[in-house]
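These notes are about the structure you will find just below.
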């Protein structure tokens, strides 16, 4: 919400216009024995100065964006190659089609990171910015929904007990993610050479919709999965959602959903911050949450690799040799 600037200095005319309280002027009588009340003009000017925040993700952060993009593309491409490699043991991972789509989502996110990076030029149009935010949040929404699906269906994915998962459910999840990106796509533009969301009264409904979508998917979805897991365990109703290393993904986006909601409340004046320091802390948290979300494109392939390694290490030795290469693709194909 602003560059790292010193507080604005007021002009001499502004300094001279600092006046007494109206009540003091009303009660003031011109008498030689009376004296003017003492006023701390420096404190008044300090309070009147605008509040500026230091933006961490400015032009100097361009190497971070580029490095995250390159590493994310390389790592995700490697995971995709191993998942689709013929006769490779990762094809025995439970729900490997969902895992492949997670890698695709991470790759798409990595590709658009440079589009939204600062410091790449000052002649950006609104079209690349809108497309960048669409893919940015669309891939993140899709990954979150796929993780929720993977956790809910659990080991059933590996047994081929859900025939329509590969096509029908995947199309539905990606379609829902695309629809959820419409608000931020329509409410983003290039400003001063930077791709940024537009905050205006006319677009307040779009901003509210986007904030609610982020809060629901990045915050409420993982909390719901944890709650369902604990509730079913307490009531003895079954194992509940399938917990695994992939749930770490939500750590990278959970702060973004929370801080984005707080920022919207402040902009809408539903939540008033008492001091300039509080506003600066909120802006800092917004930058840190965005940086953490960017790091997910590098962490996601590593989480997928670790999950597949753990799953196949315990699964492959227990299968006879001919059954080791009967992947879930064959099982789903035989049922269709």
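Cβ atoms are placed via backbone N, Cα and C, with glycine included.
Residue ranges 41-61, 167-187 are listed, and Swiss-Prot annotates 167-187 among them as transmembrane segment. Look at the topological domains in Swiss-Prot: residue 63 and residue 272 end up on the same side of the membrane. Taking the Cβ of residue 51 (disulfide bond) as reference, residues of its chain lying under 8 Å away and at least six apart in sequence are, in sequence order, 276, 279, 280. It is 130-153 that, among the stretches 96-116, 130-153, 167-187, 288-308, forms the most Cβ pairs under 8 Å with the transmembrane segment (208-228).
The topological domain 'Cytoplasmic' (85-95): residue composition by secondary structure is 4 helix, 0 strand, 7 coil, according to DSSP. Fewest Cβ neighbours within 10 Å among the disulfide-bonded residues 129, 276: that distinction goes to 276. When pLDDT is averaged over the topological domain 'Cytoplasmic' (85-95), the result is 76. In three-state terms derived from DSSP, residue 195 (disulfide bond) belongs to an extended strand segment.
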